[in-house]
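**Student:** Per TrEMBL, active site, nucleophile is recorded for 98. Feature annotation from TrEMBL assigns compositional bias 'Low complexity' to 181-197. Annotated domain 'UCH catalytic' per TrEMBL: 19-281, in sequence order. What TrEMBL lists as region 'Disordered' is 172-203. What TrEMBL records for 92 is site 'Transition state stabilizer'. According to TrEMBL, the feature site 'Important for enzyme activity' maps to 226.
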């Protein structure tokens, strides 16, 4: 008998890889990106206001600001901060990778979140690198690139490849136009005003591009992390380092207001060209933990109650209790939990129940069932939201082009295309004239 084959096929190493592509600034897309990167129990939600009543209850760990990019000038001294050396920061070297850069610049500066084995190793290996080399490491990582590209629409994936081809051809044309001999450059006669106007015109003539930057509290300060800048930019200092996640929003609000005014305050504030996402603890995980907490509370209370307690509680609540502790993804039995402090909180509550007088047990049980009904609704809402997000992801990333191409081809072969387009000999000259008139 022949033994197992010892011949090993050469391993294919992707040294270049496919380019990053544009992804939508949608909370569901960004949440999916964090999941694919291995970041657990976190999600991104869209903020419509930055006042305390709208934000503080979410306890954001970081913010992602999406805006219509324009050139922004900073002095070199703005980035000369010794504390910034401790901040994990990567420059953006790949087009259309700003979403991934914003998330990584935030997540890799939060020590108390689970980022998975891949990103943990990545952070350790790149910790001592310069921002440029960290950016190169992101661009060269097949794991990160694959996660990012999996959320892009097929037309955007093709557009990224087309952009590379176009820029390569343009560079080749520029090299051909270079003179064979060196010439002494003539002294420029253009004024500063004319140069500035020309630069503004070039900027306005270019395509609109949206950019993502991150805000995160780290090492006693709040930082603005923009991959297109040379380093982290300090926003402000935290008065209480121990309460970073609770107090840092008070520091970042003035900076956010300035950004919003700069990028959305034109034309009387009607030209809003930005959005704001917050990286928060997973809403499903929180809702599930609340329901799991109440499952255990119900059991703890029932263990203390005497036989026949069912006749003492509200009959409607007794009937609701048969279904209130179930959810679409779990039974009424205690299940998985997510929060690290869940056990400590549950133990403290169990001690309170053990010391509770008997007359308080029935009201406590009834309140537990009422709370479970609300918790179940929250879990069901999050499950439904996840199902909708998954449906949108499938619709967004499905490639409809082959079907449409085949459909149009079949219409043409059956002679049905021209009637649908209302194409005839009389309409052709008219259409041509309209096009020529419109062009002028």
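Quick reminder: no glycine exception, Cβ is built from N, Cα and C everywhere.
Any TrEMBL annotation is an automated prediction that lacks curation.
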**Student:** Starting from the Cβ of residue 92 (site 'Transition state stabilizer'), draw a 10 Å sphere and report how many other Cβ atoms land inside it.
**Tutor:** 24
**Student:** For residue 98 (active site, nucleophile), which DSSP three-state class applies?
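**Tutor:** Its secondary structure by DSSP: helix.
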**Student:** Give the distance between the Cα atoms of residue 98 (active site, nucleophile) and residue 226 (site 'Important for enzyme activity'), rounded to the nearest whole Å.
**Tutor:** 9
**Student:** For residue 226 (site 'Important for enzyme activity'), which residues of its chain lie six or more apart in sequence with Cβ-Cβ distance below 8 Å?
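**Tutor:** Once residues fewer than 6 apart are set aside, residue 226 (site 'Important for enzyme activity') is near 211, 213, 214, 233.
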**Student:** Across the domain 'UCH catalytic' (19-281), what does the mean pLDDT come to, as a whole number?
**Tutor:** 81
